[in-house]
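A.B. asks: Submitted below is the structure of interest, expressed as structure tokens.
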Amino acid sequence: MTETKEEKVHKVFEKISPSYDRMNSVISFKLHVKWRKETMKLMRVQKGTNVLDVCCGTADWSIMMAEEIGPEGHVTGLDFSENMLKVGREKVKEADLHNVELIHGNAMELPFPDNSFDYVTIGFGLRNVPDYMQVLREMYRVLKPGGQLACIDTSQPNIPGWKQVFNAYFRYVMPVFGKFFAKSYKEYSWLQESTREFPGMARLAEMFQEAGFSYVRYISHSGGASATHFGFKKKEQ
């Protein structure tokens, strides 16, 4: 029987969870931290707010948001991989944060009422879901009117030369890094496939608008290796 994308992705992240953080830094040359900081600066996150971090993984962004909003705010991190959440919970404990809750759940059907969160974030997760539009609509649904979505993910560079280097790196080098550092050649081969198939920046911005978001914009990082898209849920008239 053919394995669904959801089943395949779940299997990948359950296996690579122990080495995920180290591999993130190896693959991106630690640039993922810089990209997240650039995004946070542009978000202008307010203290004491309510945040949902979708596909939170090992909770890097959940922790950054929790530190930014302060003890009066609250962050809920959601992921469908229990093994990734286990790593994340240890990191939250080490950071001594009491305003973070990590829960098991599916981004395709967020277990929250409409209009629940001031901010929704998703970092390097959208490309791995079975249906991009379904997840975008779900994130729109749970945002409060006036709330903001920020999505960081890999993208498609269009600079001649750099595009070819980027594609070759993800296709040939990244799986080898996965084998060497994490004994996971097959899993990192899959991750480069999901990167290659993910929509480019302009198309993803259109999808944000189709899902209902307003004031959509995006910035590229490192020559288009990744991008952050921002969108707002319009305030009720």
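Glycine is no exception: its Cβ is also placed from the backbone N, Cα and C atoms.
Relevant sequence annotations retrieved from Swiss-Prot are reproduced here:
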- Thr58, Asp79, Asn106, Ala107: S-adenosyl-L-methionine binding site (BINDING)
A.B. asks: Among the binding-site residues listed here, Thr58, Asn106, whose Cβ has the fewest other Cβ atoms inside 10 Å?
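C.D. replies: Looking at the binding-site residues Thr58, Asn106, the Cβ with the fewest others within 10 Å is that of Asn106.
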A.B. asks: Enumerate same-chain residues with a sequence separation of six or more from Asp79 (S-adenosyl-L-methionine binding site) and a Cβ-Cβ distance below 8 A; give 'none' if the list is empty.
C.D. replies: Cys55, Cys56, Gly57, Leu85, Gly88, Leu102, His104, Gly105
A.B. asks: Does DSSP put Asp79 (S-adenosyl-L-methionine binding site) in a helix, in a strand, or in coil?
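C.D. replies: Going by the DSSP assignment, Asp79 (S-adenosyl-L-methionine binding site) falls within a strand, counted as strand.
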A.B. asks: When a 10 Å sphere is centred on the Cβ of Ala107 (S-adenosyl-L-methionine binding site), how many other Cβ atoms does it contain?
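C.D. replies: A 10 Å sphere around the Cβ of Ala107 (S-adenosyl-L-methionine binding site) contains 24 other Cβ atoms.
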A.B. asks: Look up Asn106 (S-adenosyl-L-methionine binding site) in the DSSP assignment and reduce it to helix, strand or coil.
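C.D. replies: Reduced to three states, the DSSP call for Asn106 (S-adenosyl-L-methionine binding site) is coil.
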A.B. asks: Whole number in angstrom, please: the longest C-alpha to C-alpha distance across Thr58, Asp79, Asn106, Ala107 for S-adenosyl-L-methionine.
C.D. replies: 15
